[in-house]
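Per TrEMBL, the features are as follows:
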| type | residues | note |
| --- | --- | --- |
| DOMAIN | 339-451 | domain 'FAD-binding FR-type' |
| TRANSMEM | 36-56 | transmembrane segment |
| TRANSMEM | 84-104 | transmembrane segment |
| TRANSMEM | 147-168 | transmembrane segment |
| TRANSMEM | 180-204 | transmembrane segment |
| TRANSMEM | 224-248 | transmembrane segment |
| TRANSMEM | 260-282 | transmembrane segment |
| TRANSMEM | 302-331 | transmembrane segment |
| TRANSMEM | 458-478 | transmembrane segment |
| TRANSMEM | 574-595 | transmembrane segment |
| TRANSMEM | 607-632 | transmembrane segment |
Amino acid sequence: MAVDDFSHTHPLLHSNGAHANNNHKKNISLVSLAKWVLKLTMWIVFLAYVALFFLIPTDFGTELYADWTAATNGSLFGDIGSMLLLYGAPIIFIAFLAVLYLLISGEDQHQYQLQEKKAPRFRLWTFPVLVDGPLGVVSAAELIGIILFIVFVIWSAYVYTVVIIGTLPGDSTPKDKSFFIVENLALRIGTIGLYCLAFLFIPVARGSVLLRLINIPFEQAIRYHVWLGHLTMLLFTVHGLLYVIAWTIEGHLLKLILEWADAGVAHLAGVISLTAGLLMWMTSLYPVRRNKFELFIYTHQLYVIFIVFFAFHAGHFIFCVPAGGIFLFILDRFLRFCQSRKTVDIISIKCLPCGAMELMFSKPANLRYNALSFIFLQVRELSWLQWHPFSVSSSPLDGKYHLCVLVKVIGEWTGKLRGNVLNSSRADLHLQPQTKITASIEGPYGHELPYHLMYENLILVAGGIGISPFLAILSDILHRTREGKPCLPRNILIVWAVKRSNELPLLSSNDMELICPFFSDKLSLEIRIFVTRESQPSLEEGQVHEAMYSSPPISNSSNMSVLVGTGNNIWSGLYVISSTLGFVILLYLLDIFYVNPYDISPWWYKALLLVICMLASVFIFGGVVVSLWHLWERQNATREARKDDRIVVEKMQHDEILARNDSCQQKILSSTNTYYGSRPDFKDIFGDISEKWGCVDVGVIVCGPPSLQTSVAKEIKSRNIRRQRNHPIFHFNSHSFEL
């Protein structure tokens, strides 16, 4: 029967198909409407929350605050409830809506963004504005945020100064006036620091639903924590120093420093909290962090002392201001603790001649990540406290059951790791990671959306081991091109600067022809390599560098854990919701059965009870969800048919690819343009691209030292400002090189 005849005899096929298509379009419209409503609601709540901080210092804000506390003091939780509703609830409410937004969007929300091209346009997040300052490369959107914080600090300081001058006693002595001014300035500057503290812990919640909502990964958000940390500690330090001056003027310095009052602030607790904060602040400065990373890590564990004694110092009422952000941090920290308890199989290790190592870890099939993700790795034989971040060098499409990272020896910890690998391999041809190297992993973390797929034209600029995430990007694009999955990139330029030619084999870890045969018919790929410290090719140029392999045996149950905030949207959402509801329940029970019946009044003690409620809600209520999540993970792993066989097959395939890569290294490198004794001239490179690619959006991703990022950002800023109509718009994106 002909096709036309078949369709005429089965008209329902057309009607059912049209009906299904209409239902699909209707569902998409409903989803879009729901997302729009959620997004609008979150923006309204956020803007109202920000406006609150600007209004509070004013007379109008003071009146509103007084009316609010009067109206809510008789509510369920009394004065704590009024402050939590005002300062903590907005952050938690936005997190609730973010959970719903991510659930509605689904894991493949980016596919709709890849279906059609858009006219080239500037974007605030990718337009570099400041490129040479102490803050590094700052985009237009980031500059707006910085200006808002600066305006807030100046505005608050101005309003508080006017209030202090207006309330200055006219008939007092000069000494009393000096004491009054200094003490009130100390109080107000501490208040400004308190408001900054409300945001300080939000960027360091690695798997936070808020970071996922705005598609800013932890490796980029950490710089906001650094900026806020400097500002907050500066304000708190001035706050403390001014109080020392005021108490010295009054003549009771030692007595007041050691005071621990039940009603009001506890001064000694504030001294302890500030001391812990200063130790963290000093050791987090770049020279110390760069040269003494272990010292930075160890002293930063003092954040527990800082938070607890700050709560003692400020009391329950004031501690409610930063409670929302701290609660989200506790949620993330507990989930990280649960994930990191599990040891992970190292499937294979490849030691390259340049000193780098490729580690392949076993992971479950349902643990998702993007090509620009990164993990935190702990090796217990080296340190129980140190967790080092590494970019993922494999694409999620390389295999369901493994994940790879490249590790280069650039410090004491990585040097010890390579030493352990080499010593174990020399002693025994087969490395036993379960006895020699005990690895644990937190993550993977990264962008919620794979933004490298959003550009039809890509420029990838790497310095040294910074090529690692670009290997994942390249593999991801090749896999998607072969399988016909949504993928915009069609023109790719890789600019790679290395010190010596022995690093070039890093590029051969991807066999592009094996991943996507005849990829050159669908993808324009150009690679330019700059060897900066060699004036000419070495005598070994073109020879195959033999790498050392270690293939450890694979155990049955040592995959990476899926207990990560960026993992399953349903489970992570239930975890956030259950913990928050548990916090409300525990706070209510505590108030009904303990605080009110026993007339608990000390501020510091009620703050301690508040902190205990936050911790207990996460451990108990959130812990139940985590336990069920873990049980679901184990059952899901059991249901995967012949899981172990598939892992072994993937490992064998990976080893085969590695062997083939070594044999075809010369072929890959011969297809690139290699320049010796020179550095990339980005003015010429971007000028050439401008003429070649025309009026398009060009995504530029940089992974390298700060000097490299600055050079690229400076050229992008210059070209975008002086852009001609037929030239591209360059979008600057950086992948953290020194997390």
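Using N, Cα and C of the backbone, Cβ positions are placed for all residues, glycine too.
The transmembrane segment (302-331) makes contact with the transmembrane segment (84-104), as judged by at least three Cβ pairs under 8 Å among residues 6 or more apart in sequence. Helix, strand and coil residue tallies for the domain 'FAD-binding FR-type' (339-451), in that order: 23 helix, 38 strand, 52 coil [DSSP].
Touching of the transmembrane segment (574-595) and the transmembrane segment (84-104) is concluded from the presence of at least three CB pairs under 8 A, sequence neighbours closer than 6 excluded. Same-chain neighbours of the transmembrane segment (224-248): 135, 145-146, 149, 153, 179, 182-183, 185-187, 189-190, 192-193, 196-197, 199-201, 203-204, 256-257, 267, 270-271, 274, 277-278, 280-281, 284, counting only residues six or more beyond its ends whose CB sits under 8 Å from a CB of the stretch.
Comparing 36-56, 84-104, 260-282, 607-632 for CB pairs under 8 angstroms to the transmembrane segment (147-168), the maximum falls on 36-56.
Remote same-chain partners of the transmembrane segment (607-632), defined as residues 6 or more beyond its termini with a Cβ less than 8 Å from a stretch Cβ, comprise 80, 307-308, 311-312, 314-316, 319-320, 323, 326-327, 330-331, 334-335, 338, 561-563, 568, 571, 574-575, 578-583, 585-587, 590, 594-595, 600.
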